[in-house]
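Look at Swiss-Prot and you will find ASP146 tagged as active site, proton donor/acceptor. Residues annotated as Mg(2+) binding site in Swiss-Prot: ASN8, GLU383. Per Swiss-Prot, ATP binding site is recorded for LYS15, HIS206, ILE207, GLY208, ASN209, GLY210, ASP283, MET284, ARG285, GLY331, VAL332, GLY333, GLU334, ASN335. Marked as substrate binding site by Swiss-Prot: ARG89. The site 'Transition state stabilizer' feature in Swiss-Prot is assigned to HIS178, ARG239; the stated evidence is sequence analysis.
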Amino acid sequence: MEKTLAVNAGSSSLKWQLYEMPEETVIAKGIFERIGLSGSISTTKFNNEEHFRKQEIVDHRQAVLLLMDELIHFKLIHEFREITGIGHRVVAGGEFFKTSTVISPEVLAEIKNLSTLAPLHNPANVLGIEAFQRLLPDALAVAVFDTAFHSTLPEKAYRYPIPTKYYEDYSIRKYGAHGTSHMYVAQEAEKVLGKPLEDLKLITAHIGNGASITAIEAGKSVDTSMGFTPLAGVMMGTRAGEMDASVIPYMLESDPSLRNAQDVIDILNKDSGVLGVSELSSDMRDLSEAVAKGNPKAILAYEMYVDRLKKFIAQYFGVLNGADALIFTAGVGENDTAVRTDVVNGLSWFGMEIDESKNVRGAFGIISKPESKVKVLVVPTNEELVIARDVEAAK
């Protein structure tokens, strides 16, 4: 039986799902966390069982070796060659990659070159690709790009209002991210709403530690909040999101500990957002606990977070000239009842009314009242399934 592995490699993590294809049956899934850090742990789930293993994991290559060892140990596979395809999530494809692509040496080199567009992500994606290539050299490897879904953006949306030469000579433009997730939840919403995707105007809110909002018309991305890199857009767990670019040179001039622009970018990427304002955590669960205890910095961080989500969602009502539905997905979007309530109530003048009993349950489907002019949905994302499907399509 042929099996396909969907892989999402982060800077210190490796998330995976093993599928039986083309049936799309999930055999097992898991994650390696804190790779290269203290307290490394792996989680493997199958047959309603959950297995944990704590041990030092120094790099992605070791994580891949441990993963294959666990698949054999738990008899999820009997030999490596049962895995005939591996799909890798790659965040930035630039203008070069507009569809999922079989990984060749040339493709891998270009993914490395595009790391400037996703400095937190593409290097980690490359580590995952190279680690699996060493262990499973005969498996078909496919790169699935976060930016591909946004290749339909009109020029008025993806161009920045800067001199044209910077676009033509240096490809400086909006690329977006989380495209695989936005595409998947839009397709799932079509089933719930009972209308063809071609007839729908949707606003999708992928809200996790990283977050982005996308305007979708007739199944195509027409605008999105992330930009040249995933730093742009709404306030995120550790990323600042949208802000005045003049802050960068001012921070350099003001803080003698900062050596160059990259130091500032690192702060905006890794030490800002919810973490930077709350000075507590990048995790919304931690923030919610602190808000409940009256922590003023946590309260401010939460208010800023919700406010920026509302601003981008409101913008996209204008871009689409109205919308049929607002869709929440990803870690915060799927699980944080308060964020959904405060965002929707803050946009009630668009005709959205949340049903609190449905919102508290947070189950897949509509969580707005029947009379709500704009439907509000919770749709769990499944980027791994999209990745597995794209591998199958490439065979």
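These residue numbers are counts, starting from 1, taken along the chain as shown.
Cβ coordinates come from backbone N, Cα and C, glycine included.
Location within the structure of each feature annotated in Swiss-Prot.
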residue : record                             : Cβ contacts under 8 Å, 6 or more apart
ASN8    : Mg(2+) binding site                : LEU14, LYS15, TRP16, HIS88, ARG89, GLY128, GLU383, GLU384, ILE387
ASP146  : active site, proton donor/acceptor : ARG89, VAL90, VAL91, ALA92, GLY93, GLY176, ALA177, HIS178, GLY179, THR180
ILE207  : ATP binding site                   : VAL234, LEU309, PHE328, THR329, ALA330, GLY331, VAL332, GLY333, ASP336, VAL339
ARG239  : site 'Transition state stabilizer' : GLY210, PRO230, LEU231, LEU268, ASN269, SER272, GLY273
ARG285  : ATP binding site                   : none
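Annotation for the recorded positions LYS15, HIS178: lowest Cβ count within 10 Å of the residue's own Cβ, LYS15. Neighbour list (ASP283 (ATP binding site), Cβ cut-off 8 Å, at least 6 residues apart, same chain): ASN209, GLY237, VAL274.
Once Cβ contacts within 10 Å are tallied over all protein chains shown, the binding-site residues GLU334, GLU383 are led by GLU383. Counted within 10 Å of its Cβ, the other Cβ atoms near VAL332 (ATP binding site) come to 25, all protein chains included. Its own atom aside, the Cβ of ASN209 (ATP binding site) has 18 Cβ atoms within 10 angstroms in the protein chains shown. According to DSSP, GLU334 (ATP binding site) sits within a helical segment.
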